[in-house]
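Colleague: Residues or ranges marked as heme c 1 binding site in TrEMBL: 81, 84, 85. Annotation comment: TrEMBL describes 230, 233, 234 as heme c 2 binding site. Taken from TrEMBL, the feature domain 'Cytochrome c' covers 215-373.
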């Protein structure tokens, strides 16, 4: 694993993309076509890890961005990565659960791609370890892109002269030599530039600007670190904060959907896995009961029943609705869930218990969470990057 230092990546990407100066002073995030990335050296964020077999380059990132936004990589020509991870919606889609080809509805809320580079696993259930692997699954899922095989995508690429030139330049691959691994590496390289920090919170904590956030937000931070116990899972470091613990927890959200039939569901799941009748990814997004098994659907471990990955909190005001099933619409509802100790079930994570927060403490906590919104968000390349 290569870790590029702040200075090194800052220099690389200033050379590649330049840097637009923001003279507005406004806190309104920018989005689409704001492609002046500085993917490290951003206040509050750690350095970006790049795999040794997929180092970044300007050309690779631009190729990945083009692939990310191409709807031809779906069976009906309507879905791209950007369909569910829109730059103007903080790389989510704003829906309770995402819609794919033919407006088919899945079972899970689209997590943001922002800062996904820092996560040790991808998807709500952690079924893929990296961005390269993550990009392959939705292409074949029958309710997302709906392709019959990765070869469907490769046929499009191999028939496009622009793609042929780009793949030749980036991977030294001719038409017949282009593989799905090349595609996934390019998309992952682009997604590693989709990061955001330098929020009011970052300026307060890491920039030592005492006036960066309000008195209510400062009180909310104290609740976050103390009585609210948010820090237990959404960790804040001494020099940076990704706001995750890279673990999986059962909060009880959605578990009531499967609890009455749990034993039957587990038996059916075991049979399906043994027969190989459906891929795990397909089963999860087409069957609500399988989806609500959470991490268990991947590991088969009882302690993972109903457990889902801790999501990051950066730009959380822009990524509603919340939770793996999009069942909570506001931050206030999320805080109420935690305050009452989650939804009772036999597999509730041990750290989830009533908090006893006052109305004032809840209000201050919301004020703090609002300070995690960055003033500038990345987007897609300008239209002339075809």
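Backbone N, Cα and C define each Cβ position, glycine as well.
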Colleague: Other than 81, 84, 85, which residues of the same chain sit close to heme c 1? List them in sequence order, counting a residue when its Cβ is within 8 Å of the Cβ centroid of the site.
Modeller: 68, 80, 82, 83, 86, 91, 93, 110, 113, 138
Colleague: Around residue 234 (heme c 2 binding site), how many other CB atoms lie within 10 A of its CB?
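Modeller: A count of 21.
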Colleague: Excluding 230, 233, 234, which residues of the same chain place their Cβ within 8 Å of the centroid of the Cβ atoms of the recorded heme c 2 site?
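Modeller: So the extra residues in range turn out to be 224, 229, 231, 232, 235, 243, 245, 310, 313.
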Colleague: Determine, to the nearest whole angstrom, how far the Cα atom of residue 81 (heme c 1 binding site) is from the Cα atom of residue 230 (heme c 2 binding site).
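Modeller: Rounded to the nearest whole number, the Cα-Cα distance is 31 Å.
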Colleague: What number of additional C-beta atoms lies within 10 angstroms of the C-beta atom of residue 81 (heme c 1 binding site)?
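Modeller: Counting Cβ neighbours of residue 81 (heme c 1 binding site) within 10 Å gives 25.
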Colleague: What's the number of neighbouring CB atoms sitting within 10 A of the CB on residue 233 (heme c 2 binding site)?
Modeller: 19
Colleague: What's the CA to CA span in angstrom from residue 233 (heme c 2 binding site) over to residue 85 (heme c 1 binding site)?
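Modeller: Given the Cα positions, residue 233 (heme c 2 binding site) is 24 Å from residue 85 (heme c 1 binding site).
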Colleague: Rounded to a whole number, how many Å is the Cα of residue 234 (heme c 2 binding site) away from the Cα of residue 84 (heme c 1 binding site)?
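Modeller: Taking the Cα atoms only, residue 234 (heme c 2 binding site) lies 24 Å from residue 84 (heme c 1 binding site).
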Colleague: In whole Å, note down how far the CA of residue 85 (heme c 1 binding site) lies from the CA of residue 230 (heme c 2 binding site).
Modeller: 26
Colleague: Reduce the DSSP letter at residue 85 (heme c 1 binding site) to three states and note it down.
Modeller: coil
Colleague: Measure the Cβ-based neighbour count of residue 85 (heme c 1 binding site), defined as the other Cβ atoms within 10 Å of its Cβ.
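Modeller: If we count other Cβ atoms within 10 Å of residue 85 (heme c 1 binding site), we arrive at 23.
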Colleague: Over the domain 'Cytochrome c' (215-373), what is the model's mean pLDDT?
Modeller: 96
Colleague: To see if you understand the setup: which same-chain residues, six or more apart in sequence, place their Cβ under 8 Å from that of residue 84 (heme c 1 binding site)?
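Modeller: In sequence order, 92, 93, 98, 99, 100, 110, 138, 144 meet the Cβ cut-off.
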